[in-house]
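K.L.:
Can you keep this structure in mind? I'll have questions shortly.
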Amino acid sequence: MASGILLNVKEEVTCPICLELLTEPLSLHCGHSFCQACITANHKKSMLYKEGERSCPVCRISYQPENIQPNRHVANIVEKLREVKLSPEEGQKVDHCARHGEKLLLFCQEDSKVICWLCERSQEHRGHHTFLMEEVAQEYHVKLQTALEMLRQKQQEAEKLEADIREEKASWKIQIDHDKTNVLADFEQLREILDREESNELQNLEKEKEDILKSLTKSETKMVQQTQYVRELISDLEHRLQGSMMELLQGVDGIIKRIENMTLKKPKTFHKNQRRVFRAPDLKGMLDMFRELTDARRYWVDVTLAPNNISHAVIAEDKRQVSSRNPQIVYQSPGTLFQSLTNFNYCTGVLGSQSITSGKHYWEVDVSKKSAWILGVCAGFQSDAMCNIEQNENYQPKYGYWVIGLQEGVKYSVFQDGSLHTPFAPFIVPLSVIICPDRVGVFVDYEACTVSFFNITNHGFLIYKFSQCSFSKPVFPYLNPRKCTVPMTLCSPSS
């Protein structure tokens, strides 16, 4: 019933010209109301064809423009009517026009709306292309199906983008957490260095104090005894001077000689300006070295060993490990480091598979538990030719070798170019290594022509650095396990 009342009210406030709810309603003297735009257009048309005669479009009663009045009462009704919602039952009647109550059978192409036959004849849809819904449903079904497929593709792309950003987010989190772990570990190493230096310095000072105080205590005891001896002599002389003549002269010459010959012994002292003065560790140098290693590790490359046909070298299946097959080797001078390497040493040397022709490259080699090894970089060699060499003359920078090595478990050395007197034998320089490295880092800066070796076991301290290297051709990582059967292992960047 309420719906019927609403429909009746709608009819009363519907413009007779456009068949829409009144917009800015104006009422004529006859009582009929129209939209302001509709009555104005009608007025202009009347002026064109009827020579100034104006009449109501409904009842044809003439009117004067000055008699047209805004109808605020009707405007308020229209406004309230627009706010009113239909009942659920009425809302379910989707197949009928909400404005006219007629069945929805047509489709307006311009407005893309389903309309009734009265809507088609209204001012809103006049001149538009309209079709029966059955005529266009299949066409738009195909279009919507195509649009649906496009949306599904977009959905897949959106899901992939979502997955990519999540993966990148997770990757960044892992990377930064890894960097945080490295920072904590690096600074923990620095603290260990400082703690060790502090402990060593305090121990040295404590030992110095014990030694000095022990020596001074002995001197103090002797000085106390010497003072007591002088006091006793003084007491004896005072007693003689106060006694009888016989007591005065009895053994007087002996006493006088003892006093004249007596020499006071001076205590052993320590000059403060000659003692060892404590100096704080070179923290700047330590930090510079730490930064150098940190910078080098940014260029860590995953080195693997190149296949070879050398009979004395055994390369593991993963191409990261090399060991010596035959430990038997004879030295002409067993007590002299690296002075009589036989061709066996060359036959156990292997190259990394990656050539270095530019840029910066870093890798680490595990040499733990080995008593002998040689490592660094090499400008390449022919295996067969190398095995025919009976001496170690090729271990020189001028022949393309920038290497350091270990012999007899404790002797570390670096190979330099031979002197003018011995040009064919390398000049072997002993290296001072406080803590034996279980892991050695190698850093090559091709443009700077440098090769650096770091003791990773000892907080990355620099072992040795080749400068002004003449890289005239590609160089390769070089590993030589020598006579020791314990393998050398290339460490992965993630280790």
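Backbone N, Cα and C define each Cβ position, glycine as well.
Quick caveat, the model's predicted, so the values are computed rather than measured.
Pulled from Swiss-Prot, these are the listed features:
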| type | residues | note |
| --- | --- | --- |
| BINDING | Cys97, His100, Cys119, His125 | Zn(2+) binding site |
| DOMAIN | 283-495 | domain 'B30.2/SPRY' |
| MOD_RES | Ala2 | N-acetylalanine |
| MOD_RES | Ser87 | phosphoserine |
| REGION | 187-200 | region 'Required for interaction with GABARAP and for autophagy' |
| ZN_FING | 15-60 | zinc finger |
| ZN_FING | 92-133 | zinc finger |
K.L.:
For His125 (Zn(2+) binding site), list the number of other Cβ atoms lying within 10 Å of its Cβ atom.
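P.N.:
So the number of other Cβ atoms within 10 Å of His125 (Zn(2+) binding site) is 18.
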K.L.:
Would you mind giving the whole-number mean pLDDT across the region 'Required for interaction with GABARAP and for autophagy' (187-200)?
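P.N.:
Summarising the region 'Required for interaction with GABARAP and for autophagy' (187-200) by its mean pLDDT gives 81.
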K.L.:
Other residues with Cβ within 8 Å of the Cβ centroid of Cys97, His100, Cys119, His125 at the Zn(2+) site?
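P.N.:
Here the nearby residues are Leu19, Arg99, Glu102, Ile115, Cys116, Trp117, Leu118, Glu120, Ser122.
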K.L.:
Taking every protein chain in this structure into account, which of the binding-site residues Cys97, Cys119 has the most other Cβ atoms within 10 Å of its Cβ?
P.N.:
Cys119
K.L.:
Can you tell me how many other Cβ atoms are located within 10 Å of the Cβ belonging to His100 (Zn(2+) binding site)?
P.N.:
19
K.L.:
Quick one: what's DSSP say for Cys119 (Zn(2+) binding site), helix, strand or coil?
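P.N.:
Where Cys119 (Zn(2+) binding site) sits, the three-state DSSP reduction gives helix.
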